[in-house]
C-alpha cells in the first residue's frame with residue numbers, strides 16, 4: 001500500500017496554523033528507503049472505522065516522534081525533516097481485514113545512546129492511547145549497529161557462564177522453590193539442598209519472594225547459600241541458586257546484591273517489573289562484580305499476550321538483551337504458560353543469534369545484526385516435567401535452562417528424587433540425540449528405557465505421563481499455522 005508520491009503539503013502551507021493530516025505534515029512517505037542507520041519499528045494497527053490506514057500509520061509515526069495535534073511554529077526552529085519519523089509502508093494483516101502492519105523509520109539522532117528508558121518513552125510512550133486507532137501493537141524492531149554498540153549487553157553471556165559452571169553439551173537444569181510463599185528460611189534452604197543434591201544445576205527464587213514476614217531476605221540468602229555450598233561439596237559440581245534482590249528502592253537492591261556476593265553467590269535475580277533503568281543499573285553492577293543476572297519476566301503478560309494491542313515479547317526480549325540480562329524467561333511452548341511453538345522459537349532466536357534473520361513464520365520481520373553483543377541464556381519454565389524432555393530439547397537445543405519447579409518439588413518420592421528424575425531424563429535424551437536417534441519421535445521410548453534403571457524417573461513418568469496443557473495460544477504467527485510439538 002505504498003503511495004506513488006509524497007502527499008506532504010507544500011512547504012509554506014505545511015506551517016500554516018491549524019490542524020492538518022499527519023500524512024500531509026510529512027509523517028508518511030511511501031517512497032522512503034530506510035537507511036542502515038535508521039531504527040525501524042513494525043506496528044500492528046487497527047484504525048477506527050473510516051480512518052484511512054495510511055493516515056493512521058502517519059499518526060503513529062508522528063505521535064512517536066515529533067508531532068502534536070496541531071501545527072506548531074517552533075517546528076521551524078528544528079531540522080524537522082530529519083527528526084520526523086516516517087511511516088513508509090502499510091500492509092494488510094493476513095486473514096484480518098481490520099488490521100494493518102505499519103512500518104516506521106526513525107532517525108538515530110532521536111534517541112539517547114544506551115538508554116532503553118528513552119527508547120521506550122518515544123516508541124510506546126504515547127501512541128497506544130491515540131483515539132483514531134482502536135488498538136496498536138509493537139510487533140518487532142530493528143536497531144542499527146551504531147545504536148546496538150552503545151549498549152554493553154549481557155554482563156556474562158552464555159559462553160562465559162558455561163565456562164564458570166564447567167557444564168557443556170547439554171541444557172542446564174533448574175527448579176523454582178515451591179511453595180513460592182510461606183516457607184521459613186530453614187525449610188527453604190532444605191528444598192534448595194535437596195534439589196541441587198539430586199542433580200540440578202540451579203535452584204531459584206520465584207518472582208514474588210522478596211522479604212516478607214514469614215521469611216526475611218537475609219535469612220533466605222544465608223540458608224540458601226549454605227545449601228548451595230553443601231550440595232556443591234557433596235556432588236563435586238558447581239551449583240547456584242538465583243537470589244531475588246528485587247526490592248522497593250535501588251539502594252535496597254544494591255544492598256541485597258552486595259550481601260549475596262559476600263556469601264559467594266554466582267547469580268542474582270530481578271523481576272521485569274522493576275523497570276528499564278533499574279534493569280540496566282543492575283546489569284552494570286553484575287558486570288563490575290562478575291555476577292550472572294537472571295531476569296524473571298513478571299508482569300509481561302499484561303501487555304504481551306493480546307495479539308491486537310500491546311508489545312510483543314520478541315520486542316521485550318530485544319530490549320532485555322540490549323539492557324544486559326544474562327538469563328530471561330522466554331516460554332516453553334509445551335508448559336502451562338502462553339506460547340505458540342514457532343513464536344516462542346523466535347524469542348529464542350532473539351536471545352541467542354549473532355545475526356537474526358527475518359523469518360515471518362516466527363514473527364521476525366527484520367534482519368538484526370547484534371554487533372557481537374553477548375548472547376542471553378533463555379529459560380524455559382512453567383508447567384514442564386521429565387516426560388516432555390524430548391520435546392523441549394527438540395524445540396530449543398542445548399543453550400537453555402530447563403526449569404522444573406512442580407516437576408521436581410512435586411515428585412512422589414521427594415525433592416531429591418524429582419531432581420534425579422529430571423537429570424536422568426536429560427542425560428538419556430542428550431545421549432540418544434548424540435547417537436543420531438530421532439528424539440522427537442522416539443522420545444517416549446527413550447524415557448521408558450531409561451526409567452527401567454531409574455526408579456525416580458519411572459515414578460515421574462507414572463505420575464505425570466504425557467500431561468500437557470493443550471490450549472490454543474492467543475499470540476500466534478500470522479504467516480504460518482500453529483505447529484504441533486508432539
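The backbone N, Cα and C atoms fix where each Cβ goes, glycine too.
Owing to the predicted nature of the structure, the values given are computational and were not obtained by experimental measurement.
Quick look at what Swiss-Prot lists:
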BINDING   126, 176, 180, 297, 329, 381  substrate binding site
ACT_SITE  178  active site, proton acceptor
BINDING   204, 206, 207  Mg(2+) binding site
MOD_RES   204  N6-carboxylysine
ACT_SITE  296  active site, proton acceptor
SITE      336  site 'Transition state stabilizer'
Relative to the Cα of residue 297 (substrate binding site), which of the recorded positions 178, 204, 206, 207 has the closest Cα? 207
Residue 296 (active site, proton acceptor) sits from residue 126 (substrate binding site) (Cα to Cα, rounded, in Å) at a distance of 26
Which of 178, 180, 204, 297, 329 (the recorded positions) has the most other Cβ atoms within 10 Å? 204
Nearest recorded site to residue 204 (Mg(2+) binding site) by CA-CA distance, among recorded positions 176, 180, 296, 329: 176
Relative to the Cα of residue 329 (substrate binding site), which of the recorded positions 178, 206, 207, 296 has the closest Cα? 296
Same chain, |i - j| six or more, Cβ under 8 Å of residue 176 (substrate binding site); the result in sequence order is 203, 204, 205, 206, 381, 403, 405
Candidates 178, 180, 296 (recorded positions) - the one closest to residue 207 (Mg(2+) binding site) by CA: 296
Provide the number of Cβ atoms within 10 Å of the Cβ of residue 207 (Mg(2+) binding site), excluding the reference atom itself. 20
Integer Å distance between the CA atoms belonging to residue 296 (active site, proton acceptor) and residue 180 (substrate binding site): 14
Would you mind pulling the DSSP three-state label for residue 180 (substrate binding site)? coil
So if I measure Cβ to Cβ from residue 296 (active site, proton acceptor) and keep only same-chain residues at least 6 apart in sequence, which ones fall under 8 Å? 206, 207, 244, 269, 270, 271, 272, 329
